Amino acid sequence: MSESSASALPPGRPGRQPFSHPENLSLDSSCFSSPPVNFLQELPSYRSIARKRTTIPTREKQSGTLLKPTDSYSSQLEGGITENLNSQSIRKYALNISEKRRLRNIQETQMKYLSEWDQWKRYSSKSWKRFIGKAREMTTHLELWRDDIRSIEGKFGTGIQSYFSFLRFLVLLNLVIFLIIFMLVLLPVLLTKYNITNSTFVLIPSKDTDVQCTVYPISSSGLIYFYSYIIDLLSGTGFLEETCLFYGHYTIDGVKFQNFTYDLPLAYLLSTIAYLALSLLWIVKRSVEGFKINLIRSEEHFQSYCNKIFAGWDFCITNRSMADLKHSSLRYELRADLEEERIRQKIAERTSEETIRIYSLRLFLNCVVLAVLAACFYAIYRATIFSQEHMKKEIDKMVFGENLLILYLPSIVITLANFITPMIFAKIIHYEDYSPGFEIRLTILRCVFMRLATICVLVFTLGSKITSCDNYSCELCGYNQKLYPCWETQVGQEMYKLMIFDLIIILAVTLFVDFPRKLLVTYCSSWKLVQCWGQQEFAIPDNVLGIVYGQTICWIGAFFSPLLPAIATLKLIIIFYVKEISLLYTCRPSPRQFRASNSNFFFLLVLLIGLCLAIIPLTISMARVPSSKACGPFTNFNTTWEVVPKTVSTFPSSLQSLVHGVTSEAFAVPFFMIICLIMFYFIALAGAHKRVVVQLREQLSLESRDKRYLIQKLTEAQRDMKNR
């Protein structure tokens with residue numbers, strides 16, 4: 001097609017060429033040996049070029065180069081391959097075996113004329129690439145929960161599989177965060193505490209601080225009654241408050257080794273910055289990969305069908321069970337495509353009355369959603385105020401369970417709100433008549449707003465109570481020392497309680513709701529109430545929001561409770577097996593199929609929103625709120641961030657000048673301008689690449705139309721010859 005189209009364009013003639021009619025076409029044997037120009041002008045590709053030349057005469061050269069001759073293209077491809085033989089593997093090129101062998105012979109011939117040093121570099125490069133390939137193959141077999149996730153994909157589709165893959169990513173992320181905190185904070189303390197190394201603690205030197213600010217009464221009444229251990233485990237008080245689980249345990253200035261002194265306050269702050277930066281980079285990296293896949297797959301729906309039908313099978317599969325799983329996975333993907341196509345066709349066939357009705361219904365349902373959110377926010381606000389007002393009541397004067405209910409009422413209300421509202425949103429979304437992919441995104445956005453707003457309410461309430469005093473001034477210590485003597489530990493306890501209660505709710509729902517529901521559906525299916533209730537479906541938005549909510553709590557609480565990432569890792573592992581068992585034995589495949597390619601990117605986007613939310617209160621607490629004077633490594637600093645200027649002041653004068661210059665406005669303004677220029681350059685480059693992609697897509701479309709046209713003409717010619 002390309003060769004014929006290019007040859008049919010007379011040079012220097014931008015005007016429209018006259019089209020010949022079918023009766024003027026000659027389809028005898030001479031026509032195939034030397035095709036006439038008037039026949040080639042009937043090709044769809046030539047007509048498209050002619051229209052472009054007529055409408056846009058100034059783009060004559062660009063239009064002429066859209067369709068390249070096949071011979072020149074193949075020669076350019078071969079030349080490019082020959083030039084890149086040094087750096088690229090022949091296996092990567094889409095060529096047949098004979099062509100690859102010929103290129104390999106060319107490569108071996110070129111090797112003979114190289115120096116020994118160049119030959120060694122090529123051989124070492126090949127060996128290194130081969131080693132990297134083998135290592136990647138080995139790592140795929142060591143992937144966590146690889147077989148379980150593949151089995152879930154085959155039985156329930158890629159939408160549910162994306163949830164479990166997302167959960168696995170969070171397990172690895174929390175494990176890496178824990179290792180960072182362990183190496184920078186916990187390891188030096190443990191080595192010194194248990195005399196593993198020849199090191200000693202450097203105590204915090206006394207400072208001109210009022211004695212009242214250094215008072216830290218630790219409650220130890222939990223050892224009297226048998227239920228006190230349960231309360232301490234659920235709340236983080238009592239014996240847990242004195243352990244390395246919370247911020248108040250690290251009341252030391254450093255660790256002195258033989259040759260150097262380890263600055264623990266600086267390491268504590270750097271560990272927080274490190275795990276936040278690592279989380280940001282890791283999420284952005286995975287988001288970019290998912291965005292590329294989503295962008296490619298969302299361009300053309302027909303292309304998605306072709307890729308799955310003609311190129312979706314993995315010919316490396318030899319196991320029968322894996323082949324069945326692959327069949328099921330492809331079937332679920334095609335169902336998702338057909339479901340989305342059905343929704344698009346339904347939207348296109350709507351009348352004006354149906355459009356007005358559906359938009360009116362959506363407006364009413366959105367008002368219901370806002371009312372539900374407002375009710376939840378008001379309930380959380382009242383519970384928090386009630387808990388704070390009754391916090392001063394003595395625990396000994398309370399009856400059994402009253403202390404747990406009063407002190408942790410905000411956590412209970414938040415957990416219940418996060419449990420109830422997704423079910424309400426899931427019921428509402430079914431009446432709004434959206435596509436399955438958009439249903440997931442809209443439900444997740446509503447649940448994100450709900451869950452993250454609950455954390456904001458709790459954090460705002462705690463911050464206002466910490467920095468405000470009722471009957472006396474806070475100028476002595478800078479915070480409410482009477483109610484919060486070690487406010488960092490108490491904030492860590494609140495985050496700890498939220499995480500523990502979230503895990504308890506997940507386990508309780510699975511054991512006492514999902515499994516009894518399955519038993520009722522199985523053995524009491526004749527009851528009308530059971531028929532209306534139905535079997536449990538695996539709600540992807542609710543489950544994704546649950547783990548994003550827990551991860552946001554982990555990011556906020558890791559500064560106040562260094563071992564919280566380890567607890568989050570164990571929690572996510574438990575959730576994986578609980579959700580897998582619940583999915584296999586209590587849930588049924590959803591009749592509305594979901595596409596994983598669209599969901600993965602959106603899951604990471606929601607996780608990124610949670611990370612941004614976690615960074616805001618941490619930044620405010622480290623830079624604005626005065627640090628506790630009774631506990632923690634920052635007792636001699638007004639704020640946590642003051643450790644950075646103190647460390648910079650110990651640098652040499654030249655290095656100090658460099659740091660001050662980099663952090664000054666004189667450096668920030670030019671740096672910002674350079675970043676803007678680089679960003680504009682990449683935006684322009686992306687636009688150019690997009691135009692090239694559009695041209696390539698158009699060329700592929702024209703080639704397929706040319707082939708269809710030529711086959712049609714050939715069929716007509718054969719029919720005419722038979723009729724003769």
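Cβ coordinates are placed from backbone N, Cα and C, and glycine is handled just like the others.
Taken verbatim from TrEMBL:
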type: DOMAIN; residues: 486-597; note: domain 'TMC'
type: REGION; residues: 1-27; note: region 'Disordered'
type: REGION; residues: 52-73; note: region 'Disordered'
type: TRANSMEM; residues: 169-191; note: transmembrane segment
type: TRANSMEM; residues: 266-284; note: transmembrane segment
type: TRANSMEM; residues: 363-385; note: transmembrane segment
type: TRANSMEM; residues: 405-426; note: transmembrane segment
type: TRANSMEM; residues: 495-513; note: transmembrane segment
type: TRANSMEM; residues: 555-578; note: transmembrane segment
type: TRANSMEM; residues: 599-620; note: transmembrane segment
type: TRANSMEM; residues: 667-688; note: transmembrane segment
Within this structure, do the transmembrane segment (363-385) and the transmembrane segment (599-620) have 3 or more Cβ pairs under 8 angstroms, counting pairs 6 or more apart in sequence?
no
Which bits of the chain, at least 6 residues beyond where the transmembrane segment (555-578) starts or stops, bring a Cβ under 8 A of a Cβ in it?
145, 164, 167-168, 170-171, 174-175, 177-178, 181, 185-186, 236, 244-247, 250, 271-272, 275-276, 279, 455, 459, 488-489, 491-493, 495-496, 499, 502-503, 506-507, 510, 546-547, 610-611, 614-615, 617-618, 621-622
How many helix, strand and coil residues does the domain 'TMC' (486-597) contain under DSSP?
85 helix, 4 strand, 23 coil
